[in-house]
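These notes are about the structure you will find just below.
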């Protein structure tokens, strides 16, 4: 197989295949087929050249990129390949190439040292000393004013050394840009233009294309010319025991590029903001714990005189017997930990916290845009260039009005487009329906299994268990097992619909990589949203809301199914929502961290098992990196998606579980180190890419922030018992006192047992031992008139008062929170004032210095031409000298 590395017109980079250890890609340039390439010194001591170096044997030219391919037809075994078949092509970009494409890509480079005073000194700065990193790690380079590079004005910029002027991340970005645009067909081929290393990777011509790490992560490179920034990142950033240290974001950006740097900046900022939400949530939880003695309704439930004498109606047909209210004593106390006055405060606080988080992140992002030279950044051409999958489908050409170049386009008719779009979105609907069907299956499991648990546990067989025995109830057992099953289904569906989302997006054939990523983001988030949150929405807003009343129950699939809709126990449904949230959220975070850390490590361990038998002196830098995992184009996409789903858990349902931000904080502290560890140790070095923001995720977070206000208002109003208690205390307390005495009796309606239909009555043997014929009525959770009343079993006026109070609370809370949110957003500018001033000064200095530079260059040209001027001075006796010279010029 012949690999054409480029046309003669594109031979601006040096490519050398490594065929043997003696040559090592140095004296073998002429066989690379890339045109004229530089030769190094004639005599080099090859024994002293480190195999762990990223330089050629001359010690001067850096290996900026590596291509690998497998050629089974070669008879010779490659001495530098562990399998004897893999060959490596090492690429170096000379200064002329870097300068040319830095001009094309408008890469900003320094032209003057920043002269604006840095006022970062803050009071009590010594308190942050334990969290700081050394200055040489936190600030790897001085602060400069920068301007887009111009090759014709290279002496305008601060160029001390051409070999080190462009950092390695910029060098590999430029090389990748060239490889992505380089044609691999010969000039005489009549076929349409074929370009890009991505196409060659997709069709198997090359097996890998990657830039090199500058050292092994656990030790510095033996070559003193190598920066060993990977080692510094591992030592000060990627180790777990650095969890309390700040992140070296400037070094991350310098090594991996701005796109990865902005992700870790966002993740670190999100974790910092979680600290404040976690503190307030913990205080609210402690408040609920400390107000145990004020919980009057739980005291009544646990009282033998009240809860012990209230007989409750069966919670399911046939298999469920009558039960006493006192059996929910423990769940009532547990519910009070989360369902108290602090719940309302915390729900309002989180609505404001979300706004503060998003607004302060905009300011932080604006500062990073300036510090990382991303102001006025436009998407790079390599992000906007055609995808290979799109290019292969093209069959027509047209003139691009912007670039004035002929480009290939898809020949798709309107019917084809409509058909594919319809098929794609029909598939989306079908898969969402599958997810909903799985949730309905879990609900059916809850309904069916609850009856079994209620029958088995009617005589409290778990009471003999230590500690947890008295806490286990049919409701708790059903909720926990259903939540665990739901979590397993979520994980299985994750594997399936990720492939489906990619398949649907591929069918749409997006034109550019940016368009592809945006389309995939929408579909993946839609799937994830339904998959993770649907069970929580069911428990929060549907369970216990449509159950009917004794003698007239509502069934899930009609009466033929015999699956009666679930009821909330007198302790409320909030504790069940808390259980669901804890299991799904915690399980996802634990499983995600284990998977992220363990899977890449096992793959690398298995893939490099042959290399472990090789001497270290023969294990080259490019072979070490070749054995690592690939950090794909969607690597950051999965990380963002994971954090956005977590963001939904701590905002959409936080009113039910104030400790959710605390769990998220602990997870994110680990997540930062796990992500940095795997990126530094387990993956090849990604190609550096620029990004000035977190992209489409910003709009998703804004949407979830608005939705969270609505969901938390509904949780407090309809899932929590806060509003019914307040209505009772202020309007229906019989003694006119501001307390909750008598609330339990007031909140339970009465039903005549003799009116139970045969289908709803418990079977023989299902009733507890204490039940006898003297008990003629049972109680149920609702506000209905008692039997014998002219409006028996219809809603009382108190029900409508409570409903009106709930709706009023939702409207008031939403308007208050939204008003505060918009006011806070208006008060906080998106760009800090000092950053705005720095941007203006930099633009001013660019214009001023360029003007002075042009004037100085013109003077030099005039002075050089002054000696050649033949004009007679007496012709212009009254003109200044520079005007005479100008006229002569």
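Each Cβ is built from the backbone N, Cα and C atoms, and glycine gets one as well.
TrEMBL annotations:
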{"type": "COMPBIAS", "residues": "17-39", "note": "compositional bias 'Polar residues'"}
{"type": "COMPBIAS", "residues": "43-53", "note": "compositional bias 'Basic and acidic residues'"}
{"type": "DOMAIN", "residues": "76-249", "note": "domain 'Anoctamin dimerisation'"}
{"type": "DOMAIN", "residues": "252-842", "note": "domain 'Anoctamin transmembrane'"}
{"type": "REGION", "residues": "1-53", "note": "region 'Disordered'"}
{"type": "TRANSMEM", "residues": "263-290", "note": "transmembrane segment"}
{"type": "TRANSMEM", "residues": "341-361", "note": "transmembrane segment"}
{"type": "TRANSMEM", "residues": "422-445", "note": "transmembrane segment"}
{"type": "TRANSMEM", "residues": "476-497", "note": "transmembrane segment"}
{"type": "TRANSMEM", "residues": "647-670", "note": "transmembrane segment"}
{"type": "TRANSMEM", "residues": "700-719", "note": "transmembrane segment"}
{"type": "TRANSMEM", "residues": "807-828", "note": "transmembrane segment"}
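Residues 240, 243, 267, 270-271, 274-275, 277-278, 280-282, 284-285, 338, 342-343, 346-347, 350, 354, 529, 532-533, 536, 540, 574, 577-578, 581-582, 584-586, 589, 593, 701, 704-705, 707-708, 711-712, 715-716, 719-720 of the same chain sit 6 or more residues outside the transmembrane segment (647-670) yet have a Cβ under 8 Å from a Cβ within it. A Cβ distance under 8 Å defines the sequence-distant neighbours of the transmembrane segment (807-828), meaning residues of its chain 6+ beyond its ends; these are 344, 347-348, 351-352, 354-356, 359-360, 363, 705, 709-710, 713-714, 716-717, 723.
Sequence-distant contacts of the transmembrane segment (700-719) (same chain, six or more residues past either end, CB-CB distance under 8 Å): 343-344, 347, 350-351, 354-355, 358, 521, 525, 540-541, 545, 572-574, 577, 644, 647-648, 651-656, 806-807, 809-810, 813-814, 817-818, 821. Confidence over the domain 'Anoctamin dimerisation' (76-249), given as mean pLDDT on the 0 to 100 scale, stands at 81.
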